Structure formats: C-alpha cells, structure tokens
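Here is what Swiss-Prot records for this protein:
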| type | residues | note |
| --- | --- | --- |
| ACT_SITE | 175 | active site, proton acceptor |
| ACT_SITE | 294 | active site, proton acceptor |
| BINDING | 123, 173, 177, 295, 327, 379 | substrate binding site |
| BINDING | 201, 203, 204 | Mg(2+) binding site |
| MOD_RES | 3 | N-acetylproline |
| MOD_RES | 14 | N6,N6,N6-trimethyllysine |
| MOD_RES | 201 | N6-carboxylysine |
| SITE | 334 | site 'Transition state stabilizer' |
C-alpha cells in the first residue's frame, strides 16, 4: 500500500496550468514581523492584469513554477509561498505598478546574501509575462539580519582605530588607475598621505596585472604609509585591493596585508561575489582589518529605472554581507546620484533605525538592531569647490575621496592633498561656528585659500569644471 501522504497528494492533484493569482495574490494577508518584504516595480506585458503579474513575481521567486505539480501536496504551500499582498500604480507611468511581496523567513538560509538573492532576484527577472521588473527595496527583519555578522568593525570602531573624530575622512584613488609600476605607485601613495589625506586607494581595476603584481604593490604601499605615519603623527591607510580570481587567493592577499601591519584592505563586492565578500568580512573581523568596498558593476544592475535592482537594495545587502566603507555616489561630481534618494540609502548604511519615507525612496521601515554601520564613500569627479556641499550633504560619518581632485593639482600630489585637507578643515570649522555651508560655501573656500597657496592653486584650476547632466535615478 502506498504511504498515506502519497495517496492524498495523488487524489487531490489536478494537472494543468492555472493563474498565479489564484494562489499567490492574497490582498487580505497581514504581514508578519519575521517576513522579508519586497517592493517590485512591475511592468506587465500588454493584456496581463497587474494582479496576475504581481502574483507571478511572488510565485516564481518562491515556491511556484509554470504548471501544477503533484509534489505540491507533499508540503505546506501556505507556509512557504511568497505572497503578493498589495499593488499600487506608479504615478505618471502607464502600465507600471509597485507590487509588494512577503516571503516567509524559512525560505532563506541564515547568513547568506547569496541564497536570498538567488530567490528574490533570480529567474523571475527573465519571466515572459513581464516587460520589465525592478526590485526597489527590501525590508530585512531583525530575525534574519541577526544571522549575519555584518560589517567587520563599523563606524565607531574605525574612528577609534584611526583616532580621528569630528570630521569626514579624506581619501584619494591613485591615478592613472592602470600602468604604474609598484614603486611609482607607492611614491604617489606616500605623497598623498604625507600631504594630509587619511587614506589612499587602489583603483577597483587594480588586482595583480603584469605591470604591477599584487605582492610588490602591497610592499611599496605599506612602506609609503608607514613613512607618512611617522612624519605626520597621524594613522594612515591604503586600501589594498585583495580582490582575486579565487576566494583562496583573495584570503591569501588579505593575510599578507595583515602580516604587513596595514589597517585596511579592499574588495570589489559585486564582481567578486557575495560569498567571497562575506568570507573576507569574517576574516577582517577576526584579524582586526578594516574592509573598504567598491561597487564596480553596480550600474549594470541599478541604472535602468524600470528593470534591475535599486542600489539601496545592494547597499542593504552589503551591510549584511560585510564592509566598513562602500562607494555611494556623490550627488555632485561626475557619477550619478539624486540628493534625496542618495541620502536615503546613505541612512540605510549608517543608521540603526530608518523610518519609511517614500520621498527618499525608502519603502519600508528598517530596523538593523545592533548591526554596525557602514561609512558611505563619496567619489567621482569631485574637487575643492565641492567640499562645502559634500561636508553638508554627507556629514562627519563619511569618506570624501578625491582622485583627480588630488593628483591633478598643478603643483603635484602632495600639494593636491594639502589643498583638500585645508578645504575640509575650513568647512568643518565654518560649520561648527554656525555658518551655512550651502549658502556661504564658495566664500568659505576663498577665505581659506588666502592662507593656503596650495588651495588657491587648486581653486584656480577647477573653477570652471562642471558635470551638467540630469540624474536618471529619480522617483
């Protein structure tokens, strides 16, 4: 005789294809505190009702498939299925909807961003019933976020390690990004750190190429930062990029960095992958290394308004996977970022509790409980004239990173670093005195330039530089 469960499944099974909305569209569902909630921007194919499209997203990203299967009877679909519980039209857009989906926590492996994304942003994005699909936001419940280590150290521990408080940190990406020998690269690192920067950075493209192997770069950069530390009395760092072709090689590079005694390493978390990133974050926590994260490849995923995934989701994923810094756009400069939206995900990186605020693109209230915060890094086409705006927009808990804005100084790398440090100190002092950086910013920089020839030269070089393109990332 067949087992009872098999008999029941066989008797109750009806083969064929049925509408997703019959099972996965549940507007009466009340979300649980333990559910992972998702807001999808859905563009259905012509003739597909929004309820069917939303239900299809819920089904294909959880327990559903294209036809009824008899093994459905061997489990409890009501316990494990995703549910589309609300749909709202997008204002000003034709045939576009925000579909809200709730996922039971048991669908996801603990501590695995990889597994979470494999379900939520997996095959469903190629589903034929949809013209386009974009994941706008996720609500990560404390019951799930507590299964992650998160950032190796966080903002307060980093400040304590560096002994630097009350101002943004200053950085610089070494340019040209490719082609320098290790010794010349180390020279540029020394000059920038000696001039007053807190950090210098490997470009995301720099791994271990024929013109500069990773071990040589690590050695010369370590020598440069220790020399600059001795001469300035300040703790310095260089983001040594440990990204590699295998996880084993990545960890080997991080181990070598720790043996050199440097304070920080770097990883390209999207091209390297979440599994590799989480492994590196755990190593950094265990061995006292800070972890700088670059977001190379993010625009492939997040730039299109109606398809892909918004960067705020990638930012939340990074906070769970682990990183002490992550690039976040600038609002000003050459790389894209609309102010309210950028500040929305900056808060999601730094703060413990973030209220729902649709004006800033935040679809759900997010409670990170005790997970450490991540410093946002403003980088890309910025220079001394941007310093007041950057200081006002990002506040103290940030890294302001000037690549060309340091190395492009007419007098050289060290004067470029001096110009940026003087501009930052002037802006912080003016802010602390109660001056309005947004309104008086240019005047504050001009006043400081009277006492700093390096800053005056920088102001003259970059006074006409503007990047006047409209941001695409708007609500």
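Each residue's number is its place along the chain shown, starting with 1.
Backbone N, Cα and C atoms are what each Cβ position is placed from, and that goes for glycine too.
Feature map: Swiss-Prot annotations on the structure.
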residue: 123; record: substrate binding site; DSSP class: helix
residue: 173; record: substrate binding site; DSSP class: strand
residue: 201; record: Mg(2+) binding site; DSSP class: strand
residue: 294; record: active site, proton acceptor; DSSP class: strand
residue: 327; record: substrate binding site; DSSP class: strand
residue: 379; record: substrate binding site; DSSP class: strand
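Around the Cβ of residue 204 (Mg(2+) binding site), a 10 Å sphere holds 22 further Cβ atoms from the protein chains shown. Nearest neighbour of residue 177 (substrate binding site) by Cα distance, taken over the recorded positions 201, 203, 204, 294: 203. Residue density at residue 203 (Mg(2+) binding site): 18 other Cβ atoms are found within 10 A of its Cβ, drawing on all protein chains shown. Here the CA atom of residue 203 (Mg(2+) binding site) lies 6 Å from the CA atom of residue 173 (substrate binding site). Sequence-distant neighbours of residue 295 (substrate binding site) (same chain, 6+ residues apart, CB-CB distance under 8 A): 268, 269, 270, 311, 314, 318, 326, 327. Note on proximity: of the binding-site residues 123, 201, 204, 379, the one nearest residue 294 (active site, proton acceptor) is 204, by Cα distance. Among the binding-site residues 123, 203, 204, the ones whose Cα sits within 10 Å of the Cα of residue 175 (active site, proton acceptor) are 203. For residue 201 (Mg(2+) binding site), the same-chain residues 6+ apart in sequence whose C-beta sits under 8 angstroms from its C-beta are 171, 172, 173, 174, 238, 239, 266, 292, 401, 403.
Each residue contributes its Cα atom, and for residue 204 (Mg(2+) binding site) and residue 123 (substrate binding site) these two points are 29 Å apart. In this structure, the active-site residues 175, 294 were compared by how many other Cβ atoms lie within 10 Å of their Cβ, and the smallest count belongs to 175. Distance noted between the C-alpha atoms of residue 203 (Mg(2+) binding site) and residue 379 (substrate binding site) is 12 Å. Considering only the binding-site residues 123, 173, 379, the Cβ with the fewest other Cβ atoms within 10 Å is that of 123.
There are 21 other Cβ atoms within 10 Å of the Cβ belonging to residue 327 (substrate binding site).
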